[in-house]
Structures are given as C-alpha cells and as structure tokens.
C-alpha cells in the first residue's frame, strides 16, 4: 500500500507493535477527550485563501532561536523510541538532519545525548524533566551542552504522570532489553513491573513535584542554553514565563496525556500568542497531522510546530525512511497550502487567511 498521508502510519504501527508499546504511544489520559480534541479542533478552522498572487516561488525557511531551518516543522520529544524500532532515536536524528530541521531528544530516550550527537551534524534540543536530585539535572544539562545540543525544552506540566488507563491495564514497563540511556550509571532505580503502570510508579519516585518558576531561574544559572517552557496553555503562565526569562514557549498539553479536558493546543494557541506580545516565540505541539494544520498554527501566531506521534508511528512502520517520509509529506502539504492560500513566505501567513469557529458571531435563538 502506498502511504499518501501521515495518519496512515498509525494503522501500520498498530499492526507491527506489541499492544503494550502501541497503546503507550497512542493513548491519552482518562476519557481521552483532549486526545480527540487535539485533532478535531483543527477542523473548526477554515481558510480564507487569496487568489491571483504569483506563487511560482515559495520560501518555507525560518529561523528558530537563531538557527536557520528548512521549514517550521520540527520533531517533538517522544520517549523510548527503540520500542518502535531498533534504531530508535538514531534514525529520528538522521531523518531530522536530512530534512534540515530540529529534533528534540527526550530525557527518557533509549539513546543518550552522546549517542544521538554521534549520528552526525544537526540542530538538536534536549527535553528536560526535573529530577528530585538537582545534581542529576545539572549533570544532564551539561552533557547535553557538551554534546552540542542548542536549547533546553523544560517540560512543566508533569509534576505527576497523568492517568493513562491503557498503561495501567497493560502494566506498562520498558522492555527488558532497553534502558533509559541518559540515566545509565546514575543509580536512579529501574522501571519495574508494578500492579499499576510501571512508568507511573517510576516517575512518582523521580520527578520533583515541588518544581516552580524559581527553578526556571535556577536552570539559567547552570546553563547558557536558551530555555523553552513546554506545557503552557494560558495567558497567565505566558506572562510568568516571560518574567522568568524563558527564551520561548511551547503550547502543549503533553499530547493529551496529562490532564484530560484541557483545550486542544490549537484552541489555546491564540491566547498565549496575544499574552506574549511578540516578546518571545511561541510554538505548538499536539494533533498536527497535515500541512494544513501547520498553516493554521502559523496563522494563529505560532513560530513553528512540533510533531510527536507521527514520528514514532512512522519509525515503527519504516524506520528512518518512514520519519523522512513524514517530514517530506508535511513539507509538501504545507507548501501546497501556502500556494493555494496565496502566501509566498511564512511572514505572509496572517490571521486574515483563516476564520475560526470562535470568530463567528453567535446568533441568538429565535424564541
């Protein structure tokens, strides 16, 4: 079967992967309302295309934190990629580099920062969970710096792990032949089987629930890398992130894996962008499966988007070639959307190119 869009990889991944692994990647928290809403909300944004504009040349390039990349489509951190494919994060890193874009490596990767750096050149960010032991955090950040990573994406929406019922049913744990490579030799215990989700039990023992805005300041004392705050969905927290010296914000609900019944990220995006007032770049992850989704996010003020599940599903299906194809398909769809909307560069994509459900006037019912 010829793959013609990103979403088709999920069905292939479901067939190929053990149920425990597929469910871990695919599922959301509790009722999974936000999981569905992350996708559905995009369908409530329609285009207002402009016509008779010369679109014979279209420029997708952009600059993120000073780094020029080929397109505003980047790779989000997703944990334990070797569960999807033996090459795991190596394959993803090579695919991102070939596409001229950014890969974000998860703290909970099955390849270390040094191993990912060894795959060759590329612009890479490091996603950080703050451990109870601050020495472990400082060590990880310094290793990422030494390995040539260019920014820290600090995940702030996980003081506790969301209730992912599929993982509880499956008694999820990391397969015995894999380890969380960034923590090897740090005596942080192992993710063992439990009568719950093994990951949930592990996280409860490791992640610092006391994490607060002062820790964003503390991170700036141990690294010169720019810090992106990942997991912001309100104006109030946007303003606090700016006060704390964040270099950027990632509007994220953790792939709908944390608190259910929070808004879709595309719905929350504009509130965050307005509060940021152009003082720092705002990015989005969650639910992006089409080039049209990328355009809609940029029209609402995002500087770029990150994809997560499409990476692990395509990795499971076809390894590095699958991830390359996902990035290429999204690029081509996005470029086509720009052409058909009359936009030749990213700066020409404006709020006037879309109309959202929440723009339309509410008509009072006739009594």
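Just so it is clear, glycine is given a Cβ too, placed from its N, Cα and C backbone atoms.
Record features (TrEMBL):
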| type | residues | note |
| --- | --- | --- |
| ACT_SITE | 254 | active site, proton acceptor |
| BINDING | 24, 129, 164, 254, 257 | glyoxylate binding site |
| BINDING | 77-79, 106, 127, 155, 230, 252, 285-289, 308-309 | FMN binding site |
| DOMAIN | 1-359 | domain 'FMN hydroxy acid dehydrogenase' |
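The structure, with features from TrEMBL marked on it.
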{"residue": "24", "record": "glyoxylate binding site", "CB count, 10 Å": "25"}
{"residue": "77", "record": "FMN binding site", "CB count, 10 Å": "26"}
{"residue": "129", "record": "glyoxylate binding site", "CB count, 10 Å": "20"}
{"residue": "164", "record": "glyoxylate binding site", "CB count, 10 Å": "24"}
{"residue": "230", "record": "FMN binding site", "CB count, 10 Å": "28"}
{"residue": "254", "record": "active site, proton acceptor", "CB count, 10 Å": "23"}
{"residue": "257", "record": "glyoxylate binding site", "CB count, 10 Å": "23"}
{"residue": "285", "record": "FMN binding site", "CB count, 10 Å": "29"}
{"residue": "289", "record": "FMN binding site", "CB count, 10 Å": "22"}
{"residue": "309", "record": "FMN binding site", "CB count, 10 Å": "24"}
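Here the candidates are the recorded positions 24, 164, 254, 257. The one whose C-alpha lies nearest to that of residue 127 (FMN binding site) is 254. Long-range Cβ proximity for residue 287 (FMN binding site), meaning a same-chain Cβ under 8 A and a gap of 6 or more residues, is found for 38, 39, 41, 42, 264, 265, 266, 293. For the pair formed by residue 24 (glyoxylate binding site) and residue 79 (FMN binding site), distance between Cα atoms is given as 10 Å, rounded to the nearest Å.
Averaged over the domain 'FMN hydroxy acid dehydrogenase' (1-359), the predicted model has a pLDDT of 94. For residue 79 (FMN binding site), the same-chain residues that are 6 or more apart in sequence and have a Cβ closer than 8 Å to its Cβ are 106, 107, 108, 109. Inclusion criterion for the recorded positions 164, 254, 257: a C-alpha placed within 10 angstroms of the C-alpha of residue 230 (FMN binding site); this criterion is met by 254.
Taking the C-alpha positions, the distance from residue 289 (FMN binding site) to the residue listed as 'active site, proton acceptor' comes to 16 Å. Rounded to a whole value, the Cα-Cα separation of residue 257 (glyoxylate binding site) and residue 309 (FMN binding site) is 12 Å. Cα of the residue listed as 'active site, proton acceptor' to Cα of residue 285 (FMN binding site): a span of 8 Å. Comparing Cα positions, residue 164 (glyoxylate binding site) lies closest to 309 out of the binding-site residues 77, 285, 309.
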